[in-house]
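Have a look at the structure below, then the notes.
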Amino acid sequence: MTKYVILLAVLAFALHCDAKRFTRCGLVQELRRLGFDETLMSNWVCLVENESGRFTDKIGKVNKNGSRDYGLFQINDKYWCSKGTTPGKDCNVTCNQLLTDDISVAATCAKKIYKRHKFDAWYGWKNHCQHGLPDISDC
């Protein structure tokens with residue numbers, strides 16, 4: 001039993017070490033590469049900074065409804081991603097696919113959420129970005 005606990009601890013540490021934290025300008029460059037609308041770029045950066053702290057592997061605390069949020073964009077598993085190994089829900093992805101350093105899958109899902117709900121789908125944006133956005137002019 002002790003061997004399994006140690007193994008799990010080592011694996012958890014190894015997985016966390018692989019996580020990426022974007023710099024603000026690094027995030028802007030990656031979002032541009034993935035085709036995000038330049039006129040909304042400050043909003044996306046603000047959202048990511050307030051939802052995940054720019055960490056690709058962020059898993060949020062359990063929400064009141066029992067759901068969780070995953071990845072850079074903190075995408076919710078109640079509607080958008082499947083907790084299992086089979087892709088599903090509205091983005092047709094697993095939640096683990098949203099936790100990788102390659103954010104292309106997460107970005108596609110985030111764009112889908114935005115198309116349907118705008119930024120109102122994210123509390124991080126609603127609570128922190130409506131009245132002030134980060135300056136990304138140097139990026």
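Keep in mind that glycine also has a Cβ here, set from the backbone N, Cα and C atoms.
Record features (Swiss-Prot):
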ACT_SITE  Glu51  active site
ACT_SITE  Asp69  active site
DISULFID  Cys25-Cys139  disulfide bond
DISULFID  Cys46-Cys129  disulfide bond
DISULFID  Cys81-Cys95  disulfide bond
DISULFID  Cys91-Cys109  disulfide bond
DOMAIN    20-139  domain 'C-type lysozyme'
SIGNAL    1-19  signal peptide
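What Swiss-Prot annotates, mapped onto the structure for a quick look.
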{"residue": "Cys25", "record": "disulfide bond", "DSSP class": "helix"}
{"residue": "Cys46", "record": "disulfide bond", "DSSP class": "helix"}
{"residue": "Glu51", "record": "active site", "DSSP class": "helix"}
{"residue": "Asp69", "record": "active site", "DSSP class": "strand"}
{"residue": "Cys81", "record": "disulfide bond", "DSSP class": "strand"}
{"residue": "Cys91", "record": "disulfide bond", "DSSP class": "coil"}
{"residue": "Cys109", "record": "disulfide bond", "DSSP class": "helix"}
{"residue": "Cys129", "record": "disulfide bond", "DSSP class": "coil"}
{"residue": "Cys139", "record": "disulfide bond", "DSSP class": "coil"}
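Using a 10 Å Cα-Cα cut-off from Cys95 (disulfide bond), the recorded positions that qualify among Cys25, Cys46, Asp69, Cys109, Cys139 are Asp69. Sparsest Cβ environment among the disulfide-bonded residues Cys81, Cys109, Cys129, Cys139 (other Cβ atoms counted within 10 Å): Cys139. Other Cβ atoms within 10 Å of the Cβ of Cys91 (disulfide bond) number 23 in total over all chains. Over all protein chains present, the Cβ of Asp69 (active site) has 25 other Cβ atoms lying within 10 Å. Cα of Cys109 (disulfide bond) to Cα of Cys81 (disulfide bond): a distance of 9 Å.
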